[in-house]
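As annotated by Swiss-Prot, signal peptide applies to 1-26. Taken from Swiss-Prot, the feature pyrrolidone carboxylic acid applies to Gln27. The domain 'Chitin-binding type-1 1' annotation in Swiss-Prot covers 27-68. Swiss-Prot lists Cys29-Cys44, Cys43-Cys57, Cys61-Cys66, Cys72-Cys87, Cys115-Cys130, Cys124-Cys136, Cys129-Cys143, Cys147-Cys152, Cys158-Cys173, Cys167-Cys179, Cys172-Cys186, Cys190-Cys195 (among others) with the feature disulfide bond. If you look up Swiss-Prot, you'll see 36-38, 88-99, 140-141 marked as substrate binding site. The domain 'Chitin-binding type-1 2' annotation in Swiss-Prot covers 69-111. What Swiss-Prot records for 112-154 is domain 'Chitin-binding type-1 3', and it gives sequence analysis as the kind of evidence. According to Swiss-Prot, the domain 'Chitin-binding type-1 4' annotation covers 155-197.
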Amino acid sequence: MKMMSTRALALGAAAVLAFAAATAQAQRCGEQGSNMECPNNLCCSQYGYCGMGGDYCGKGCQNGACWTSKRCGSQAGGATCTNNQCCSQYGYCGFGAEYCGAGCQGGPCRADIKCGSQAGGKLCPNNLCCSQWGFCGLGSEFCGGGCQSGACSTDKPCGKDAGGRVCTNNYCCSKWGSCGIGPGYCGAGCQSGGCDGVFAEAITANSTLLQE
């Protein structure tokens with residue numbers, strides 16, 4: 001009886017995990033998902049799916065850590081930023097001092113969070129980028145050249161063709177050797193990270209990596 005009970009619990013737990021993974025993979029957003037936003041600054045692709053990497057954050061990205069900063073504020077007819085991002089004094093959406101500091105027009109204005117090699121290798125929370133100067137944020141100043149981790153605007157090489165390099169933030173290394181989150185990265189052929197399509201752990205981890 002005890003063995004059957006243990007087996008039933010194990011099967012139940014497996015079913016819950018499978019359901020969570022399927023839910024994460026199928027998460028819809030943007031115009032195709034009732035204008036929902038993705039959690040933890042994951043990008044909403046042009047096709048309305050949440051993830052991270054070029055397929056999600058590149059061309060057509062609707063919200064989240066898109067590689068092209070959205071316009072906002074007085075320079076964009078009073079438009080506001082999605083994902084609770086700051087609108088800088090120059091009318092661009094993002095996170096960090098350049099966006100949330102002096103002249104910030106809207107959003108959670110706050111101080112910088114340190115990260116990267118300048119902070120003992122700490123990662124930023126919620127998929128924020130760690131700039132070359134060691135501060136967390138979103139936008140070209142953080143996710144562009146020299147970006148150390150997070151939603152960097154260039155897919156970082158990984159896997160067997162990159163000397164066995166693993167992705168930061170527990171992102172998946174796809175079969176093509178690039179880092180990201182989503183079925184195309186964590187599914188068939190995934191080399192490391194939250195593989196086998198179960199990338200919900202990677203999403204959750206990024207919400208608790210570093211607290212202010």
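The backbone N, Cα and C atoms fix where each Cβ goes, glycine too.
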Open item on the list: For Cys167 (disulfide bond), which of the listed recorded positions (Cys57, Gly91, Gly94, Cys129, Cys158, Cys195) have their CA atom within 10 A of its CA?
Closed with: Cys158
- [ ] Work out the three-state DSSP category of Cys179 (disulfide bond).
- [x] strand
Task: Cys72 (disulfide bond): secondary structure state under DSSP, collapsed to three categories - done: coil
Open item on the list: If you count, for each of the disulfide-bonded residues Cys44, Cys158, the other Cβ atoms lying within 10 Å of its Cβ, which residue has the minimum?
Closed with: Cys158
Open item on the list: Within a 10 Å radius of its Cβ, which of these recorded positions (Met36, Cys124) has the fewest neighbouring Cβ atoms?
Closed with: Met36
Open item on the list: A 10 Å Cβ contact count, applied to the disulfide-bonded residues Cys57, Cys72, Cys147, Cys152, Cys173: which residue has the minimum?
Closed with: Cys147
- [ ] List only the single closest residue to Cys43 (disulfide bond), chosen from the binding-site residues Ser88, Gly91, Ala97, Ser140 by CA-CA distance.
- [x] Ser140
Task: In sequence order, the recorded positions (Met36, Ser88, Ala97, Cys130, Cys158) whose C-alpha falls within 10 A of Cys147 (disulfide bond) - done: Cys130
Task: Gly91 (substrate binding site) as reference: those recorded positions from Gln27, Cys57, Cys72, Cys130, Cys172, Cys186 with C-alpha within 10 Å of it - done: Cys72
TODO: Ten-angstrom check, please: count other Cβ atoms within 10 Å of the Cβ of Ser88 (substrate binding site), all chains counted.
DONE: 28
